[in-house]
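Written out below as structure tokens is the structure these notes cover.
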Amino acid sequence: MTDRGGWTERVRFLEASGGPGSLVPTLTASSHRQCAPRRRRAEDKKLPITAPTISVKRPTSNRSCWADSHHARQDQSPHSLPLPSPLGLHHLPQSPGGPSYKVRWSKVEPGDLRETPILITNGLHARGYGPLGGRARMRRGHRLDASLVIAGVRLEDEGRYRCELINGIEDESVALTLRLEGVVFPYQPSRGRYQFNYYEAKQACEEQDGRLATYAQLYQAWTEGLDWCNAGWLLEGSVRYPVLTARAPCGGRGRPGIRSYGPRDRKRDRYDAFCFTSALSGHVFFVPGRLTLSEAHAACRRRGAMVAKVGHLYAAWKFSGLDQCDGGWLADGSVRFPIKTPRPRCGGLPDPGVRSFGFPRPQQAAYGTYCYSE
């Protein structure tokens with residue numbers, strides 16, 4: 001998958017498991033409010049540790065960070081958003097070699113709840129683990145700072161993280177969630193619907209500049225208007241589909257919601273895919289004409305670009321406001337066009353979205369093309 005250092009149009013952080021009122025997050029770069037620790041017994045002599053955060057480095061400064069619980073916005077880069085956290089440090093005796101505690105950051109993998117280590121530090125030295133460990137470091141703002149900084153955020157970085165304070169006396173941990181603001185799109189191949197097992201669906205999303213969506217992402221898309229009557233794989237291995245308007249062919253005439261088939265056999269069962277992508281570091285543009293698919297590739301190459309992927313087009317529609325009432329080839333051989341402002345003779349539907357003409361014959365010279373340039 002393409003590594004784009006400037007992934008997100010917005011980065012949304014959910015409140016940590018300490019709950020509202022554990023710590024008050026600092027949300028502005030200019031006015032730094034102190035984080036108040038949770039209420040403790042009078043004899044409890046712990047020092048507050050700065051609320052552990054995931055800070056996102058992004059090369060473009062015109063994008064914004066959001067904290068769900070306070071809807072605060074911050075436009076400087078890099079960003080550091082402390083989250084509510086109950087972590088604390090004891091008055092520990094300081095040895096000549098430095099602090100006598102460890103901080104361990106890990107990522108909770110979706111589906112199986114397995115924790116993958118990212119970084120372990122003893123306050124003086126830190127060691128990274130796995131692919132994410134190479135892009136992670138401690139912020140080290142001061143001696144009690146347990147914040148984690150992740151550079152070059154990728155789609156697969158979204159998810160649940162755990163920070164553990166290990167001091168040999170009273171260990172503590174806090175969990176928090178990194179959420180990338182993005183868009184979910186249903187995807188099926190040219191062969192028709194229900195062709196993917198889980199692993200094929202995962203690969204298909206990655207080939208279209210995305211990844212399999214999580215249930216939380218699908219739910220968010222449903223609240224934003226996604227209505228789709230074909231079931232698709234999600235990252236956790238379940239199969240679901242979102243229904244806004246309940247109707248007989250889509251699970252009956254009950255209440256709207258997320259219909260679920262539950263966990264399915266990842267090798268045997270076949271469905272569509274729900275993919276997730278986020279904002280682009282490049283841009284998508286339309287080249288008019290009556291082109292075949294091969295001519296579309298040539299047209300984009302002449303402009304120093306490539307034929308856009310499905311994820312590129314959805315991201316440009318969602319975050320850049322791309323609105324074009326002309327069908328264009330995409331890299332997977334489909335023909336689509338993005339509509340921000342619905343109007344007559346532009347798909348015939350009342351809501352914004354990315355319209356599809358399906359998968360015409362590659363030799364059919366009838367469409368322009370959408371190109372993507374970094």
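Note that Cβ sites are derived from N, Cα and C of the backbone, with glycine treated the same way.
Keep in mind the model is a prediction, meaning the values are calculated, not measured.
TrEMBL records a disulfide bond between CYS229 and CYS250, which is the match among CYS205, CYS250. Averaged over the domain 'Ig-like' (25-177), the predicted model has a pLDDT of 59.
The Cβ of CYS325 (disulfide bond) lies under 8 Å from the Cβ of PHE337, ILE339, ARG343, ARG345, CYS346, GLY347, each on the same chain and at least six residues away in sequence.
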